[in-house]
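A quick write-up on the structure given underneath.
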């Protein structure tokens, strides 16, 4: 973009970087004439004012000179000591003269501006340069190989860098080295460049391209690499720029070719060594990257040659070009538009002529009628890459999850200047709240382990506040036996101490009541008792003594009973009793204030009369403890809690602990807490927290805590979450169910807590604390961000695919054979489509299995193995280690207790659910044994509806035997395995649908193979002979598959269609550690009706352990596809035609594994120097192909693939120790035969990477 313009045919020089404002000096060129053909010469200084919209630059000073100039430079000498405020202008003249000008005096308009001058050179001085380290040193070059070094402090006596070069020739340019101050280079038109060392005062090297003689027009040193320089060629036959390195001076390092005619001038940017300007006879100004020989930018210029070009030292984006058309143009390489400059030029032309006829008629010209043309705005493309001065050398930015992303541009070393600069981005985890994270980790550990008693006890011992200690004591009680009794002890009521007081009172150790002691003293003595339970004992003490210690002597036998029927009270009572009117007798006793007699009679009168009498008694009796006794007897504690003095809150809470029913306990404690919270006494308000803990009302606890505590600080919020989580687990333990939905206030606090955890990098923990049953926008947004950060976003959004139906295949079996019955755990049932047949349940987490369609299996989907299951299901749901959801799960999750979470179960990929495949008519199915229902009509569980979304489970294993006890049992026993005699199940949930166990040796007398005989031609006896007569070696669960001996071919039925080739893994190993234990029961096998054979179906079934063989067990006939293998006895099928097998591509979601592992091996190979280490790495690179094959075939379980993805992430973070920990976890929790081919290789690679520090 053109910024400014000077109408001069002149040599130019920019003011030094130390000078402000920016000036440009223009001296009349020696070998050129302007349009006026004037022979006058001048030296002018112009100011660069970019704020001025005018195109012309403002002239600040001018000096008429008798000299014309070949070269002009502006040095900073004298600026620092203010001797020369604007520096010194150094001019090279036509007659060998060098003139020093005071730039500040030229600007000021003084007439005496010359500091000094010399005519030592012979001929014109065409080369000048100022030393960048010592600004008082100036090099000049003239004719006859003259080179002088001038000291501006002593200008009269210059020195030479060494003897003149031979043969003598003109010096076209000189340049000081930008890195080493005593190195000077000079060049001559013949194309030779000489490098001088001023310390040695001698020439050290000559640079010349002997193969191509070029006319040198420019010389420039690399601003950063001391040994590199460029030479420009003016020859039209070779318009190139050669880049030389003095260390390899035999030939050019690079040749920059793009000009079509000779190059007149070059300039290397000091601010960015990757910017080199050149101008040539082809009217072009190019900006190069000399390191790559690429043209980064071409300036829009006129149709005239530019003979000089220079960078502005102060503003690195500005440059100037002097052209033969009499203009010095100022450009910016940052792009922009030239429309403004063009408009200004048009306006200037119009103002010059005005509206008067230029032919002298004096008449005003009419306006020019031109068609309106809307020309598009001309926009100049900026540089292809940002220049160095606007590139940030360093940068930092915070990212979600407490990550700090920093970058720095590493400067290339002098030894490797041609290499592209490395751009390093560091991603660091920043933890600012270390105490908060430490306590959060402790809580997380407790949630996983379930040791809440230990956690609460640790809190009691470590907290400093006495009230906090009391709170944690109350929370701890929830996890102990007989919680109410422990609550009473915390309130100060211990049974042992109370028993001692009562015993002392009964023995008469208490102060006896004197006859003259009035009622007031008695009450005062009772008030001295601290325990509320002692008060009714003291009131009832005379009754106790009268009834228990006083023996009533029997009436003398001679005394007759006198039943008075007089009209006094006794007589009326007697009459009422004689007639059986208990109620009247009780009323008379109460009227006569004979309370004891009335209550005794009411007991005999029945419960209704007793309750009525109790009410009347309490209405008449007014004492300190009458309300308490009334509440105890009437079991009505609501009135006590609503009216009691809040100073006696402990006594009221103790009474609730003792007498409240379980269903009303929580409400009563909450009522007392609400009264305490609304109290004006601050100390009483704090006690409301204890009541809410006893009540188990989490929302009230959160509301109270929010009002009284500073919940803005992370530690305060951590304290609240600790109490809430522990209390929720306590309520869950007490009620045996998941608590109610989370309220708005608690959801807000949990969202705030999850945000804090996420800001410290604990993303997995943070998402577990987010509520799942709230519609708050902030919660949903945070869940979205966390899901994306953890790679679970696609998994959360993908709906469940429709599950196709399967066809049943019935098989005949003897009725009297005892069977093992496998009870399959049933997931939560989802209504199925009416038209879809029943399918067996799936025993794996939704969204973690995928289908694999091979080219040989009639497009039969093969389910991936499921997530590993625990060996021994937990019998205690409360003891299970669950992820820290602390009762916040959805109801769908609540019915399936969780097992121990997989350590590295981050959702790396979302697999679609498994779809069952139904073979079409005439399609041979791959045989797989099916489970037999206990009765013919017992249907299998319905499949999930295609319209319902897949349940979203957290990354944990949802299998538990105790939770599925009600599942309908299914009997299963395929034909006996080779030499085993037990029930063997070929597969498991998500296991491959085809398999080929090694055939055993044939027993003597066996003549036929039942696998190759149609079902219609088999007999029970024949099948029994062939199936039970086979013996063979029994392999261990982890033995590799044995090589099968070639079997003798038998005759195949005429219309037999061979099954599809077997492409999936052979079979699950025996004793699969993933198989759930404790789920087999023995039941007698029921008779299955014989039905016609149907096509084979593909049903995932559970693997069974081998049992002892009973040779006497009879065998039945089994219908199936012709040639379908029976049990384990599967013989080779027809020979498959040989064809070329091409490997399938690795799935796109797993390509990151290959890229990461191979990239790490390449880094290790680069860093390794030991041949033995390199051999190990080469071998590892080859053996990893086994892993890639398994990825292609998708035969690895999701748990192993998840671990591999976590390992790849640790490699990308260069955390090899974590990668080795993940490796150990995968090996210890997976099938050995599944991982033995590649896991040792990965361990070698990780160990070497950690050792080499790559």
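Residue 1 is the first one shown; counting continues down the chain.
Glycine is no exception: its Cβ is also placed from the backbone N, Cα and C atoms.
If you check Swiss-Prot, you get these features:
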| type | residues | note |
| --- | --- | --- |
| REPEAT | 4-47 | repeat 'WD 1' |
| REPEAT | 64-111 | repeat 'WD 2' |
| REPEAT | 120-160 | repeat 'WD 3' |
| REPEAT | 166-206 | repeat 'WD 4' |
| REPEAT | 209-254 | repeat 'WD 5' |
| REPEAT | 301-341 | repeat 'WD 7' |
| COMPBIAS | 364-383 | compositional bias 'Low complexity' |
| REGION | 364-386 | region 'Disordered' |
| REPEAT | 397-428 | repeat 'WD 8' |
| REGION | 818-892 | region 'Disordered' |
| COMPBIAS | 832-846 | compositional bias 'Low complexity' |
| COMPBIAS | 847-863 | compositional bias 'Polar residues' |
| COMPBIAS | 872-881 | compositional bias 'Polar residues' |
| REGION | 983-1008 | region 'Disordered' |
| REGION | 1058-1125 | region 'Disordered' |
| COMPBIAS | 1080-1091 | compositional bias 'Low complexity' |
Secondary structure composition of the repeat 'WD 3' (120-160) [DSSP: H/G/I, E/B, coil]: 0 helix, 20 strand, 21 coil
Cβ pairs under 8 Å between the repeat 'WD 1' (4-47) and the repeat 'WD 7' (301-341), at least three: yes
Same-chain residues near the repeat 'WD 7' (301-341), Cβ under 8 Å, at least 6 residues beyond its ends: 1-17, 19-20, 22, 24, 26, 29, 32, 34-35, 48, 53, 55, 57, 264-267, 269-272, 275, 277-281, 283-285, 287, 377-383, 387, 389
Secondary structure composition of the repeat 'WD 5' (209-254) [DSSP: H/G/I, E/B, coil]: 3 helix, 19 strand, 24 coil
Residues of the repeat 'WD 2' (64-111) by DSSP state, where helix covers H, G and I: 6 helix, 20 strand, 22 coil
DSSP helix/strand/coil residue counts for the repeat 'WD 1' (4-47): 0 helix, 22 strand, 22 coil
Stretch-averaged pLDDT - the repeat 'WD 2' (64-111): 91
